[in-house]
Amino acid sequence: MHTEKDPNKNTPEQQTPISLNDQMQRRLEERQQLMEAGVNPYPTHFEVTHSSGEIIANFVEEAKTPVSVAGRIMTIRKMGKASFFHLQDSAGRIQIYMKKDEVGDATYDTFKLLDIGDIIGIKGFTFKTRTGEISVHAESLELLTKSLRPIPVAKEKEVDGEKVVFDAFSDKELRYRQRYVDLIVNPEVKETFIKRSAIVSFMRNAFTGKGWLEVETPILQPIYGGAAARPFTTHHNALDMQLYLRIANELYLKRLIVGGFDGVFEFAKDFRNEGIDRFHNPEFTQVELYVAYKDYNWMMEMVEELFSQTALAVNKSEVTTFLGNEISLKPPFRRLSIIDAITEYTGQNIAGQSEEQLRYTAKDLGLELDPKISSGKIIDEIFGEFVEPKLIQPTFIIDYPTEMSPLAKEHPSQPGIVERFELIIGGKEVCNSFSELNDPVIQRERLESQAKLRQRGDEEAMIVDEDFLRAIEYGMPPCAGIGIGIDRLVMILTGQDSIREVIFFPHLKPE
């Protein structure tokens, strides 16, 4: 037996020859019959003592352990005066066996008005069937929620003499729009999000275990900064002022380092008013961390340890498969300067090239450029087009030109280069980190240069933030900072090929 997608069975409306309206009408009639029989289809509570997983894990032969379990009916097999059915809860599925003679006529009459998708509570005892399946022998049944809309169910057909199970709910866009149905019928989807939660929990515990403080900073900001991106704009009516949804947390977290905290971090929703594809969502999650008295070399070692330990914690292995590639997260990761990386993968040595020379190099490589962009942006375009997709194993790309990194500290022995790295895994950026610039005079010069780039038409150039400059004028200690994209890290550790598979409710075009 194998499973495949049935092209004619993608939506709930197409699951049976009966129309959706007819099915819902029948369920509405059943709801009414239940109410007329004195059964409340939506009671307030039910006492649960065990999950399905606990029942199976703790099963003892012949013990007949009393249990109370609740969940959604996913299969029903009625055999005259007895029935088997499966309940699904957050931990999995458990089979229920029920006999009319034992639960009584009234309860069995209620059961006959139930459908796949209804949520019920069962009290009974554990046993194992003759086929060896751990089950619950029902002594009572209580309806907890009458489902009015039928859920999709897998369909088995015979194709060329072989039994084939067609997916119940496999259309990707429909899955993303109706994630609640996706979670019901596709258990592997739920596992992805459980693993996502475990990844975030492990990282949070790792940070707090080192004494760093978890904080919260503003989402609505009067000046956006900390990244090169276009913001979402809104308006505060009471203050009659324009505000922006944050594109990064960086400048506020640095203010807290100025204020005396040695390490701060924030798991945050950030927003960038840019394109949507399988690696980008306009609303995304990242964690930013800033640690005083450290630099980017220390941060690289911290990231190697963090990613390795996170993989071991959630996958029991430092090896994962992403976009068809086997990737090892075992330290140490390769380190390569951005200039050397471009030379290695394009054959072009761009060290010391002027803006005009960079444009010629890009043209030789077949890259069409916006005439408004500057040298740093040209290098970024060359790297993104010809180098980044080829970096499959974890690679720190280090030592960027100053213009590309206005918030990073200059390298002490390489003029025009800053102490910055990006971590590339599977051809995608996962982290961005600096030794943070803390000289307020140079920081002002850098931001004013960014303002000139905005005047040239670079919408992603940073804005001069006078309050941030005032903060670091009080003195910010040497500091290393990093932003880690949680969505992409989850993709890598769960083997998903789209960011929409790791976000519960991704942004989609209107229906």
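Positions of Cβ are set from backbone N, Cα and C atoms, glycine also.
Feature annotation from Swiss-Prot assigns region 'Disordered' to 1-21. According to Swiss-Prot, the feature compositional bias 'Polar residues' maps to 9-21. Per Swiss-Prot, the feature Mg(2+) 1 binding site maps to GLU422, GLU429. Annotation source Swiss-Prot lists Mg(2+) 2 binding site at GLU429.
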How many other Cβ atoms sit within 10 Å of the Cβ of GLU429 (Mg(2+) 1 binding site)?
17
Under a three-state reduction of DSSP output, how is GLU429 (Mg(2+) 1 binding site) classified: helix, strand, or coil?
strand
Let me know how many other Cβ atoms fall within 10 Å of the Cβ of GLU422 (Mg(2+) 1 binding site).
18
Once the DSSP letters are reduced so that anything not helix or strand counts as coil, what is GLU422 (Mg(2+) 1 binding site)?
strand
